[in-house]
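Since the structure comes first, as structure tokens, the remarks are kept for the end.
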Amino acid sequence: MNPLLDLLREAGQAVLGMLTLPYLYIAILFAWWHAKQANTLQRQLFHVRLHGSLPVTAYRTLAGLAAGLAVSLIGLGAGARLDSATLLCVWIAMPVLALLKLRYICLAYAAGALGVVQAILSWAGADASDGEIAKALLGIDVPGLLFLSGVLHVAEGLLVQWQGAKYAVPLFLEGKRGKPVGAYSLSGLWPVPLLWLVPAAGSDGISLPWTPLAGLDGSVAGWSLLAFPVLIGFTDRTETRWPERKAKETAGGLVVYGLVIAGLAAGAWFWPPLTVVAALCAFALHEGLIVWGRLRESGRPPLYAQDGRGIVVLAVLPRTPAAEMGLQAGERITKVNGARVNTKEQLHDALQLQSAFCRLEIVNREGHVRFAQRARYEGEHYQLGLILAPDEEADWVATPKAGSVWQGLRRAGARRRKGASWRIAASEASGAAGELAAESAAEAAPEGAAAGAAVSAANGTAASGPAASGPASNGPASNGLAASGPTTGAAGSGTPPWSPASSPLPAPAGASGDPDALPPRKSRK
């Protein structure tokens, strides 16, 4: 029969068999859980998420399918002696190594460790008669595992280059001196379904017109295809690089690492003593990648820290005014509507100077000044869709990266900064005092001025003069805006915790910040 038709039929049967088993769906579920955890962390830090977990999972699953197809085509020329005993050894080695370091839960580390153990057993004179464990370890095709690991790392590097920066997660971190700084977490988890050549169990295997690398010794009579899913992923953080630059550097390192390991593994098929060298390099070079990344981060100032020279952009929400104006992470906004801004409160106040329009003066990543402007519409994000780098008022920061599985379980999510508790308690006490003052003012004021006095007292201002008389109904109180101090009266209206009326900047006529003054939302096409 035609070997190509036999191969296609074998591939179809293997894929159908994989679809009937739960492993691929479990891998997709892990990818969704990873995206969900990232969204949870974002909501803890700044109460909004950049991307939905389901779209991210869908995009990564499709990317994993494309990577799996490419890796499977490469595997047709390599093959590996994968059996149930080998897979069991790999699945035991990975969680055991993860108990030491969380990053050790990787096929490269597992294959390298199994290669070293196999070499030690061989040097000690062990053979298959020394028990089932020795038989399983000595029967592992270490070059095949290392070659598969190397090719998967190349695919991982390409996926990081493709999607790493797009789904990078902004973070608040505790700086070296206790000051919060912004950072980015570049991480991803891709389910990759594979078809790999393995020796056939009996005489029913496919006779190929070429000889795979795993069958160079002539001991394989026939081949079959094994379909199985794998999860490939990475995680890294940066405080001193743009997300795109960090993703490019990480991707380049992964591709080079994968090519070196795959080349050493292929050489081990021709010269078996090279297997130990390939196994040790799988460990050493992977650790070298991590050390290299840390060295490039150390000794450089953080990019996403507020320093009083404008406000630094940490991230931009998709499909918002800031995204339409082309703002990027790391850019610095120095003026809004002609007013200089250094804090988020000043940003909000300056935006109210022109309720239907905004003009920004921006210092870009290269240090050049540019301008961006746009009309504003009702219902849009009150801060243009900007996520700003943290300041001293940030109460939550992301936990440090976990070193082991146990640390990862304890450190999941975000933690409250030192000193955040007393700020929250002071805010609550201020709010309670404002409510008591409002009640007292309402009881003591005349009937016609009770409402105006209560609102003024709740915001820490005296209800005197015109504000306590009839015309006060046309002032800030009637618009739901506080005159100064905490905005307890406007909390239910969705306004931010400061007021444009308290700004020292002069507000032109018609720019009171009333949402009714904004032009209507653009009609959807």
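Every residue gets a Cβ built from N, Cα and C, even glycine.
These come from TrEMBL:
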| type | residues | note |
| --- | --- | --- |
| TRANSMEM | 12-35 | transmembrane segment |
| TRANSMEM | 56-78 | transmembrane segment |
| TRANSMEM | 84-100 | transmembrane segment |
| TRANSMEM | 107-126 | transmembrane segment |
| TRANSMEM | 138-160 | transmembrane segment |
| TRANSMEM | 181-201 | transmembrane segment |
| TRANSMEM | 213-234 | transmembrane segment |
| TRANSMEM | 254-271 | transmembrane segment |
| DOMAIN | 288-366 | domain 'PDZ' |
| COMPBIAS | 460-496 | compositional bias 'Low complexity' |
| REGION | 460-525 | region 'Disordered' |
| COMPBIAS | 497-507 | compositional bias 'Pro residues' |
For the transmembrane segment (254-271): best-contacting stretch of 56-78, 84-100, 107-126, 138-160, 181-201, by Cβ pairs under 8 Å
138-160
Which sequence-distant residues neighbour the transmembrane segment (12-35)? Criterion: at least 6 residues beyond either end, Cβ under 8 Å.
51, 53-54, 56-57, 60-61, 64, 167, 187-191, 193, 195, 224-231, 233
Can you tell me which recorded stretch out of 56-78, 84-100, 138-160 has the most Cβ pairs within less than 8 Å of the transmembrane segment (107-126)?
138-160
Summarise the domain 'PDZ' (288-366) as counts of helix, strand and coil residues per DSSP.
22 helix, 21 strand, 36 coil
Could you tell me the mean pLDDT over the domain 'PDZ' (288-366), as a whole number?
90
Within the same chain, the residues 6 or more beyond the ends of the transmembrane segment (84-100) and with Cβ under 8 Å of it are 106-107, 109-111, 113-114, 135-137, 139-141, 145, 404-406
